[in-house]
Amino acid sequence: MNIGIDKIGFAAPSYVLDLADLALARQIDPNKFKVGLLQSEMAVAPITQDIVTLGAQAAAAILTDEDKAAIDMVIVGTESSIDQSKAAAVFLHQLLDIQPFARSIEIKEACYGATAGLSLAKSHIAQFPHSKVLIIASDIAKYGIASGGEPTQGAGAVAMLVTADPSIMILNNDNVCQTRDIMDFWRPNYDKYPRVDGKFSTEQYTDCLTTTFDYYVEKTGKSLADFAAMCLHIPFSKQGLKGLQAICHQDEETLNRLTERFHEAIVYNKVVGNIYTGSIFLSLLSLLENSQSLKTGDAILFYSYGSGAVCEIFSGTLVEGYRNQLLTDRLDQLNARKRLDVTEYEAIFFEEIKLDEAGNAIDLPLDDTPFALQNIEQHKRIYRKN
Ligand code: CAA
């Protein structure tokens, strides 16, 4: 049975900051971000837009009533949870009107969580071929004002529907993982922002890739020449490019071809920024919607990396008619986001919800996006569908 991605949707928050403006405000050469990191803009979420509202918006854009009646598992991958106990998937299950007899869970392992969700979904569909599984990768990447990671922030959600006989991409059975206990990026429960050993994290990203790829080649007998494109986790676009170059140094023709596809695969990531666990799937969406070279039957290689660290290399094969599931105006939608200056960005992205003594915040600003946090009542988050 072929199992894979049947639909894929994306949502970004309403605001965007130009990294050239950020560079000027921080007295940094703008080319450090534009050329050095290969990033040009980053998405900015206000307090009324969180991993639940972004996830709901991404999923609502792709689901039909028929899908909602067939989905019996909702998986959210995130490292920016809104609750230490209740899964964001439970809020999403309700907001999206999914039939009640479903399992709803949250998976955490830094930027790798949603990839683990994809494997879980595949196993579930293998057991129950008529089911559908909704995976939502939703995160808000925030490092703090004037921090080292500030230009690599972002926010957004990718939703994927996993089914038998998918309409976009079959997931192949060639997954290879690696786990190594390292402290490159982590967020203790008492910290608002992650702690990050920036340079170490970039080295570990690449070393996990090269060593896992060697094992992948040994296990599967495949080589990079077998793939039409590669999608990698994109904390910032230059990191992905360096990763590709690190495993493709001997064959110039393959490197040139995969580099061309890589630039198509970062069109959205460059203007959204890091969305942690959704970044690799945003890159897939960018590749599919911006490449004219891909065709049915092409194989795509994936490298998912979550700090801490767990990584996975796997592949997928495009199916006939996959273009019918895509949008042609997504970049226009992203360009329509409200542009912030640096003072507005600092006020909006770092605003904190103030609770009264009883745990209420009833005066949140009105937000007319499709899903928004309306208020907090006795420590309970209340969402609104607009
Ligand atoms: N013009 C052009 N390029 C310039 C430049 C200029 N004026 N000034 C600097 N650069 C280049 C540098 O040469 C460098 O490029 P190379 O790496 O190719 O040499 C690049 O810009 C970045 O410069 P620095 O390394 O000096 O930048 P930095 O010290 O400020 O830190 C960072 C960069 C470590 C990525 C930091 O932004 C950070 O800590 N980010 C968060 C952590 C992160 O994203 N890690 C990635 C791997 S971990 C992961 O993938 C999980 C995850 O999502 C977090």
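Every residue gets a Cβ built from N, Cα and C, even glycine.
Any TrEMBL annotation is an automated prediction that lacks curation.
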Additional site residue, Asn172, Asn173, Asn269, Asn274 [criterion: listed by TrEMBL with Asp29, Tyr143, Lys242 for (3S)-3-hydroxy-3-methylglutaryl-CoA]: Asn274
Could you check which of the recorded positions (Glu79, Gly148, His233) sits closest to Lys242 ((3S)-3-hydroxy-3-methylglutaryl-CoA binding site), going Cα to Cα? His233
Max Cα distance spanning Asp29, Tyr143, Lys242, Asn274 ((3S)-3-hydroxy-3-methylglutaryl-CoA binders), Å? 22
Using all protein chains shown, find which of the recorded positions Asp29, Glu79 scores highest when you count other CB atoms within 10 A of its CB. Glu79
Just the recorded positions from Asp29, Glu79, Cys111, Gly148, Lys242, Asn274 whose C-beta lies under 6 Å from any atom of ligand 1, please, or none if there are none. Asp29, Cys111, Gly148, Asn274
Could you break down the residues of the domain 'Hydroxymethylglutaryl-coenzyme A synthase C-terminal' (258-344) into DSSP helix, strand and coil, giving a count for each? 41 helix, 21 strand, 25 coil
